[in-house]
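Here TrEMBL flags 7-252 as domain 'Carbohydrate kinase FGGY N-terminal'. Annotated sn-glycerol 3-phosphate binding site per TrEMBL: THR15, ARG85, GLU86, TYR137, ASP245, in sequence order. The ATP binding site feature in TrEMBL is assigned to THR15, THR16, SER17, THR267, GLY310, GLN314, GLY411. Annotation comment: TrEMBL describes THR15, ARG19, THR267, GLY310, GLY411, ASN415 as ADP binding site. The glycerol binding site annotation in TrEMBL covers ARG85, GLU86, TYR137, ASP245, GLN246. Sequence annotations record features per position, and here TrEMBL assigns domain 'Carbohydrate kinase FGGY C-terminal' to 262-450.
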Amino acid sequence: MPHTKRYVVALDQGTTSSRAIIFDEVAQIQGLAQRDFAQIYPHAGWVEHDPMEIWATQRATLTEVLAKTGIDSEQIAAIGITNQRETTVVWNKTTGKPVYNAIVWQCRRTAEICEQLKARGLADYVQENTGLVLDAYFSGTKIKWILDNVERAREQANNGELLFGTIDTWLVWKLTEGRVHVTDYTNASRTMLFNINSLQWDQRLLDELDIPAAMLPEVKSSSEIYGQARLGAKGEIPIAGIAGDQQAALFGQLCFNKGMAKNTYGTGCFLLMNTGQQKVSSRHGLLTTLAVGARGEVNYALEGSVFMAGAIIQWLRDELGLIREADDTGYFAEKVADNNGVYLVPAFVGLGAPYWDPYARGTLVGLTRGANRNHIIRAALEAIAYQSRDVLDAMQEDAGLVLAALKVDGGAVANDFLMQFQADMINTRVVRPRQTETTAMGAAFLAGLAVGLWQNTEQLAATLAVDKTFKPKMNKDTRARLYHGWQKAVTRSRDWEEH
Ligand SMILES: Nc1ncnc2c1ncn2[C@@H]1O[C@H](COP(=O)(O)OP(=O)(O)O)[C@@H](O)[C@H]1O
Ligand SMILES: O=P(O)(O)OC[C@H](O)CO
């Protein structure tokens with residue numbers, strides 16, 4: 001009998017918006033709904049979201065996309081969830097109400113807790129066992145903060161009344177009306193509580209942070225049926241895929257095998273390289289994290305991020321007024337033959353991997369009387385590519401692997417100049433897919449595979465088309481000269497802020 005369930009819905013719960021996207025069986029988008037929600041900044045450096053608003057906006061996008069497309073929920077074979085990672089929700093298991101707002105990955109309130117843990121000598125243990133750097137970015141210390149600071153929270157947690165989840169877990173709990181408390185390996189690996197060697201919650205870290213194990217979700221693969229989403233009169237849909245957004249994009253870019261990598265060019269850049277069954281510990285401060293292999297199995301990946309990428313372009317537009325729109329940058333950059341010796345190091349919030357210098361600050365160097373606005377715009381775009389090369393070089397060296405091609409996605413990949421310069425700088429092909437909604441697509445693929453909409457990953461590969469491949473054209477000497485200039489510029493930006 002021919003099956004009638006021909007679609008998958010991806011719920012893409014990001015830092016600033018909730019989205020629902022319907023894909024058909026050849027991975028074409030049939031509809032999209034999106035809702036923004038409030039960013040809450042109670043103090044400098046603190047960032048929160050209201051979990052009920054996350055749930056309400058996400059639920060609304062699901063209803064809206066079904067209504068908009070006229071697709072009946074009966075025709076939806078599965079839901080896949082992908083989410084902003086690390087963001088922490090703690091809620092009461094009986095009432096389903098959060099005890100506090102979600103503490104967002106960007107929130108720095110637990111920096112001091114991290115310092116205390118470091119002083120207790122835990123940094124190496126964290127790195128070896130969770131693959132992460134001991135930092136406020138990850139969920140562990142955020143849970144501890146809630147238990148320590150919300151009235152009666154610790155007592156309730158000790159009595160088994162509270163549950164913890166990253167956003168995937170929270171959404172599954174809500175969608176299943178409190179029946180299912182799960183997460184997947186990729187999200188678990190961002191909590192700083194999950195041991196990526198044994199693939200179990202790490203009892204020593206739970207003890208150190210005083211977090212009861214009973215609060216934690218069950219950890220499952222990224223592609224299986226976790227439970228049924230209850231849609232009231234519209235029936236039920238199996239929830240069959242979960243992955244953190246960067247890992248979902250890696251899967252959506254078909255990087256299931258060792259040595260494959262993607263770079264997402266948004267506000268910042270997120271680079272991930274699949275290292276297969278090989279767990280690589282970085283010598284350059286990259287993170288080791290969990291990703292998804294071709295058959296849904298757990299793989300390891302290296303991850304590095306660039307703090308300021310598309311954000312530099314926003315700065316050119318909003319603070320300097322050099323451009324009207326981000327899209328104009330390519331045109332201006334190509335009006336000049338080269339950077340004329342100008343380099344912009346966008347260390348506005350310090351430098352991440354492989355430098356890890358919180359005291360570095362933004363620097364514009366190499367200015368001469370001939371330098372003009374186009375050179376500065378060009379230097380800003382080139383800086384995105386240089387920073388990505390810094391991270392990629394570190395990754396390739398750590399993993400002992402050489403990339404065949406870099407898959408790219410995110411808002412800034414529309415810029416052909418940037419993409420060509422990236423290919424030239426890494427001397428590797430840069431592949432831009434036609435469909436750049438790779439995060440949502442990854443979640444849809446994981447869910448569709450679990451329910452048999454697709455039989456295997458070869459079928460997925462057949463659904464994807466390449467928009468453009470940028471081949472390196474620059475000669476070796478020019479590349480070396482330009483990159484040397486960048487490295488010199490980076491040294492000028494470092495150790496600037498007094499400390
Ligand atoms: N043509 C372009 N050239 C360079 N940067 C661009 C271009 N178009 C958009 N951007 C940058 O890409 C970012 C938006 O990409 P997006 O993937 O939506 O980011 P995020 O998910 O982080 O919000 C912005 O920072 C913007 O400045
Ligand atoms: O919601 P995004 O796309 O900003 O992604 C956030 C990352 O998952 C944080 O680790």
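Cβ coordinates come from backbone N, Cα and C, glycine included.
Whatever TrEMBL says is automated annotation, not expert-curated.
The binding-site residues shown are THR15, GLU86, ASN415; of these, the one with its CA atom nearest the CA of GLY310 (ATP binding site) is ASN415. Among the record's ADP binders, THR15, ARG19, THR267, GLY310, GLY411, ASN415, no two C-alpha atoms are more than 24 Å apart, and one pair sits at exactly that spread. Over all protein chains present, the Cβ of THR267 (ATP binding site) has 20 other Cβ atoms lying within 10 Å. Among the record's glycerol binders, ARG85, GLU86, TYR137, ASP245, GLN246, no two C-alpha atoms are more than 15 Å apart, and one pair sits at exactly that spread.
The binding-site residues considered are THR16, GLN246; of these, THR16 has the fewest other C-beta atoms within 10 angstroms of its C-beta. In the structure as shown, the Cβ atom of ARG19 (ADP binding site) sits within 10 Å of 22 other Cβ atoms.
With a CB cut-off of under 6 A applied against ligand 1, the binding-site residues SER17, ARG19, ARG85, GLN314, GLY411, ASN415 are reduced to GLN314, GLY411, ASN415. Residues ARG85, GLU86, TYR137, ASP245, GLN246 make up the record's glycerol site, and a Cβ search at 8 Å around their centroid adds GLN84, THR87, TRP105, ARG190, GLY244 from the same chain. For ASP245 (sn-glycerol 3-phosphate binding site), the same-chain residues lying six or more positions away in sequence with a CB closer than 8 A to its CB are ASP12, GLY14, THR82, ASN83, GLN84, ARG85, THR439. Packing around GLY411 (ATP binding site) is summarised by its Cβ count: 15 other Cβ atoms lie within 10 angstroms of its Cβ, all protein chains included.
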